[in-house]
């Protein structure tokens, strides 16, 4: 099969392919970018595979960087563009179900493609637009099927993260998992405990943000993979609550997706849960804030102080999630209340602790903090104007 129209992303990278071929080596576009081109989907990263060894690749191009040379990858700088150029390779026995004990560089494209995870990710594309399809990936693409390359159990034993990647690809593509492939995934889910939490988080996060997240999540639940994810053992019934969200709902952000997950799991302490997933503190705080906003909305409308406390983006994401839960929402009222606030940060207050100490004789300590907080909320509540004269009058009354 030949592409009738080479996508612009590939056209831009053609000079790199051509230089490698002029030097006497093979070179192809490979991986997800080729699949996306066939599906007429946006192309993100253009990866190149070649028969040239890393040192040979570096001799072809004047500007390169070693970013993973032990695995055969050289970063080629071409004008303003950067391309990862990786030598065809085979991989030895995997250790810890995560990484090969050794990588061997080879001159054979077929040997390289054999180690790929799924047939729809095992294409190669040459400079003429010809598709190299050694594992019937085009047929699987047509049938919308995710099938492991070769023996499925071997692929997942090599790198157990491929199990999560399978669920994630199902969520992003909407494809069905081929029965033998899914059977192997279900059998080998205990291996997920061998995978770093950070890598697992990335795949689960991409699954939740994908357009067909329901399909990927349903397969993950059926496989009982959740039993081997941090703090999610025996959570099938609770995870199924996510399917109660509106049928066409997709998550706006990672924070919203994980807030929904914790809502489904009935977990109130996001910081503790997400610490197990080794996320950033900032991410955990925003997820926690979303859960707090959802809880506040269960008790009625948000107050001015509520709107002041949280970022408007989080307030609206929480409202969006409430709508997906089938609850009454009023994003316009929340936006108007937020915009009506005199201040959105205490740094905007026209006085500070230094002024209170200098002009009013306050001493550093709890009393100073209390009066500053009192002023802050009086301004937020609309009871006090945010100017020095009004604040001074307020303080004189207090004195």
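Cβ atoms here come from the backbone N, Cα and C positions, even for glycine.
According to Swiss-Prot, the CTP binding site annotation covers 32, 35, 116, 159, 162, 165, 168, on the basis of sequence analysis. Among the features that Swiss-Prot reports, ATP binding site is placed at 32, 35, 116, 159, 162, 165, 168. Annotation source Swiss-Prot lists Mg(2+) binding site at 45, 47.
Between the alpha carbons (Cα) of residue 45 (Mg(2+) binding site) and residue 32 (CTP binding site) lies a span of roughly 8 Å. In the structure as shown, the Cβ atom of residue 116 (CTP binding site) sits within 10 Å of 22 other Cβ atoms.
For the binding site of ATP, formed by 32, 35, 116, 159, 162, 165, 168 according to the record, the largest Cα to Cα distance is 21 Å, rounded to a whole number. Neighbour counts of Cβ atoms within 10 Å were compared across the binding-site residues 45, 47, 159; the minimum falls on 45. The CA atom of residue 35 (CTP binding site) is located 12 Å away from the CA atom of residue 47 (Mg(2+) binding site). Rounded to a whole number, the C-alpha distance linking residue 116 (CTP binding site) with residue 47 (Mg(2+) binding site) is 14 angstrom. In sequence order, 117, 203 are the residues near residue 165 (CTP binding site), counting only same-chain partners six or more apart with C-beta under 8 A. Within 10 Å of residue 47 (Mg(2+) binding site), as judged by C-alpha distances, the binding-site residues found are 32; the full candidate list was 32, 159, 162, 168.
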